[in-house]
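Accompanying notes for the structure given below.
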Amino acid sequence: MASIMPNFSLRRLPSLTKLRSTLPPSSLHLHRSSSSIALPLAASLASSSYEDSNESKSSANTLSTAIEEPQTKNKSKKPKPFFPKRGETLELVCESLAFKGKGLCKVEDTGYVVMCDRALPGERFVGRVTRKKNNYSEVTKVKTLSPHRDMVEAPCEYASHCGGCRTQYLLYEAQVRAKEEQVRDLVVHVGKFSYKDPDFENVMKPIVPCDLQFHYRNKMEFSFGPKRWLPKEKLADKNEDANVFSLGLHAPGFFDKVLNVDKCFLQSEPANKVLAAVQDCWRNPELGLSPYDCHSHAGFMKHLTIRSGRDVETRAPQLMVNFVTSSYKPVLLKPLVDKLAVFPEVVSIMNNINTSVGNTSVGEEEYTLYGKATITEILRGLAFEISANSFFQTNAHQAEILYKLVEDCAGLKGDGSEIVLDLFCGTGTIGLTLAKKVKHVYGYEVVPEAISDARRNAKLNGVNNATFIQGDLNKIGESFGNDFQKPDIVISDPNRPGMHTNLIKYLLKLKAPRIVYVSCNPATCARDLDLLCHGSAEQKLQGCYRLRSIQPVDMFPHTPHIECVCLLELY
């Protein structure tokens, strides 16, 4: 990832429907921006917004300062240090949200960049310097002096301390505007496309917001811990005891500290009922359910995962409960199984056994404690079976919209003549939704279990023209491509690191007419778009694609995550 961090400001913009007029798609190629060069973080974040903020000081104050501090005194005055020291408190104004949702601020008089978690653009606050990075420092908010204009009250009691919903305090319309601006900034600074190109506004589409702002996740993973993590303001509360077993979410930045959570606003209400039922009884000493300690590596209960789905015929909600434990002791879990089995939505209770000392929730062995081993979900008219360790789009509601955008970008002829290459296909969801409109789909995925799920889902939906192959796309060799016909359309949906250079080299050599790039990380997406469109003399890559459109999609409200659907065409 390039070292440049996005720098944008939250401004008062019109409503989303009026962000900009809808313009017809254009086939012009966006040229590389001549001003886009890799800079150190501090330099890249220095912008006119800092100088503008200085201009807000009144002229009277400026004059008063000039009288009190004569020129001779100024010369002898010791300048402020450029780098603030650890533990130092600073009065700051957040200028924008950077990648991962951190607030970007600059130290007055020096312009030195500091990043603050949960700081909102326009907010004035006091922050304490906690650590020094290469080109910036991190601060912790101590006190808010004046809040952001779009600040709202968070409905979740854990919003101030949980790492899941970092932007609950920001008005949702302001959240999506910030995400759209972040994508635009990355496309310019990392992707090296130019604002000055007359076609830029046609290519850069307005973000698609999410209708469901809460209760949209179909999978939540909670961790067991031997002690509760408490924020500093609650440590002195006599009603709060840290020496109590905990079940909840990890405190931000800590792998060994668990914030106890009784209800999560991201998962469905039936899932919250299951969580409450587990919380109600698992600490009973008579059950002997000890939480796993990641330091001593002792304990039984590691994770609780709750997955939501729907019955294919009735559309009734289905829940899968997965207990991840350090060993196989079904007798210990029986009281919990009996308590949860009475819920009509619970159709599957699984037990994954993970003997490793790591923090993963994927087990080496899997047992069915109650019901069946899978639940189902419906997506674009197809049924998908989801196992305990399957990858599936976490927001099924918004995935309907995302996959419709993918199909629109693919521009299928409709005559069933096209070949689709589905890279990073996971459980085959995207490829299978297109299969009935094309000649054949070839899907590649490194995870063997995901390939098994994809093949099972193809059979479940009567899809006979889809072939799913297990393989590592980061380690492709000269023989890659021998197992399929030359595709008309390539769909690439990589994980956060984006595509490996070897894969990009292959795509530039393949020269498929269209590439639909689905990204969960706009920074690595912009980097890959640069290579596919502009090439790289250093890496001996000759770009051969033009960027036709880039569509941000908000899949996860109240979080910093952004999805993008990009269309590239061969020129």
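Count begins at 1; order follows the chain as displayed.
Yeah, the Cβs are placed from backbone N, Cα and C, and that goes for glycine too.
The region 'Disordered' annotation in TrEMBL covers 51-82. Among the features that TrEMBL reports, compositional bias 'Low complexity' is placed at 51-60. The domain 'TRAM' annotation in TrEMBL covers 83-143. Residues or ranges marked as S-adenosyl-L-methionine binding site in TrEMBL: Gln393, Phe424, Glu445, Asp493. The active site, nucleophile annotation in TrEMBL covers Cys520.
For the domain 'TRAM' (83-143), the model's pLDDT averages out at 87. With the fewest other Cβ atoms inside 10 Å of its Cβ, the least crowded of the binding-site residues Glu445, Asp493 in this structure is Asp493. Other than the site residues Gln393, Phe424, Glu445, Asp493, same-chain residues with C-beta atoms no more than 8 angstroms from the centre of those residues' C-beta atoms, the S-adenosyl-L-methionine site, are Phe391, Asp422, Cys425, Gly426, Thr427, Thr429, Ile430, Pro494, Asn495, Val518. Taking the Cβ of Cys520 (active site, nucleophile) as reference, residues of its chain lying under 8 Å away and at least six apart in sequence are, in sequence order, Asn495, Arg496, His561, Ile562, Glu563. For Gln393 (S-adenosyl-L-methionine binding site), the same-chain residues that are 6 or more apart in sequence and have a Cβ closer than 8 Å to its Cβ are Leu379, Ala399, Leu402, Thr429, Met555. Counting every protein chain shown, the number of other Cβ atoms lying within 10 Å of the Cβ of Phe424 (S-adenosyl-L-methionine binding site) is 21. For the S-adenosyl-L-methionine site, whose annotated binding residues are Gln393, Phe424, Glu445, Asp493, the maximal Cα to Cα separation is 15 Å. Note on the domain 'TRAM' (83-143): DSSP counts are 3 helix, 33 strand, 25 coil.
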